[in-house]
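Marked as Mn(2+) 2 binding site by Swiss-Prot on the basis of sequence analysis: 274, 279, 297, 358. According to Swiss-Prot, the feature Mn(2+) 1 binding site maps to 279, 356, 358, an assignment based on sequence analysis. Among the features that Swiss-Prot reports, active site is placed at 286, 360.
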């Protein structure tokens, strides 16, 4: 799909090109109380009051998400006009904008329209410029057009015909909007990779498959990939990681992917993604209901790989290292048992009280491995705890960090990217729940504050660098009729790296 930018100040009568240019449809916003947006006012004048008459007749009340097509409109080059309800003008925020553009895309994609002129990006949203509106609109469109059909015997063809979108933006934002297009397309491509990896079944998306995916990203985008096998992992003394992998016939992989966009001596940001390609719970076996969704337990890994692809396509001036420990968590005669004690790469001994608390066991060795890069910051991403889903639901990812500056950067990025996160506590008092009578630390701390104690466990392995943990158990995929991976938190991570790179 082709996206282009055209500057226009509707208030200064600069709309001639939009009024006369050929297009299958021009998209206009209407607020409640019969208030026309700036572009709608100009089109209303050109059509001799048609938009006003439609609104006054009650055919378009401006309620958020409502849409109405007008056909064969005289006075403009477009063959159709799509009116989109924006809701109340004084409540027009990020969510209202996202709802409006999503409704617009759904209406457009249900037609045979090929080329669209899109004016909604110029709407005032929380004092943001129109380049932000362009990026959010492209991501909403790509979200609507995403389909996972590669496992079907007859993949479904695209049902829409949309090929080209022309965005009108404020003239002062034209340069930034062109960059926003590039970033949005790269980000959407990264999210699609993340979704594809998550949606693949566990018999296809194995640890080896993830390793090969990392190698392909490296080959396609000029990165460096290292994929360590069982013997190399053993040589690194990653006893905690290996304790999870031991009962599976699928060999574990330890993936390291390097992107160098800055000087070689510049400290990298390290992203660590949990890569459990299927989680049965091990000997602490999960209930059978909805266990199929445990193929999504590698979404932390998928989001890290998707972010690396997006960063490479954007060409960010920053160094980034991705680390993905990946394996299956299976029961079997060789499986780790509740009560077993294992030794981590750091040398800390861990009493495994529950084998279904395995994500932290593979992440802790990866966090220790990250020390060798002398990182500027380390962010781990994991579908770690059901407790986080209970606490935050499916809207906010859980953010844990003792570093206020790093946490602040991530929260700012989450707001800018419209990929929400909520900071959770990480007080030292919670560490007491992880005490073990027989080892240095237990891998669970009981039912109270389960998401917090999981993060506390990880924090024991992060003394050497600024660190944050994102628990995406509630946000990485949707269940039920809409079952599928979401691609989150790729937007948050990418925005954090964009901000760090100063781009």
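Each residue, glycine too, has its Cβ placed from N, Cα and C.
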Check the Cα-Cα distances from residue 360 (active site) to the binding-site residues 274, 279, 297 and tell me which is shortest.
274
Looking only at DSSP and grouping its letters into three states, which state does residue 358 (Mn(2+) 2 binding site) belong to?
coil
Neighbour count, 10 Å Cβ-Cβ cut-off, for residue 279 (Mn(2+) 2 binding site): what number do you get?
26
For Mn(2+) 2, what surrounds 274, 279, 297, 358 with a Cβ no more than 8 Å from their Cβ centroid?
244, 275, 276, 294, 298, 329, 359, 362, 382, 383
In whole Å, how far does the CA atom of residue 358 (Mn(2+) 2 binding site) lie from that of residue 286 (active site)?
12
If you count other C-beta atoms within 10 angstroms, which of the recorded positions 274, 286 is the most crowded?
274
Taking the Cβ of residue 297 (Mn(2+) 2 binding site) as the reference point, list residues of the same chain whose Cβ is under 8 angstroms away and which are at least six residues distant in sequence.
274, 276, 277, 278, 279, 329, 359, 383
Cβ within 8 angstroms of the Cβ centroid of 279, 356, 358: which residues besides those meet this for the Mn(2+) 1 site?
244, 276, 280, 281, 282, 284, 286, 294, 297, 329, 355, 357, 359
Secondary structure at residue 297 (Mn(2+) 2 binding site) (DSSP, helix/strand/coil)?
helix
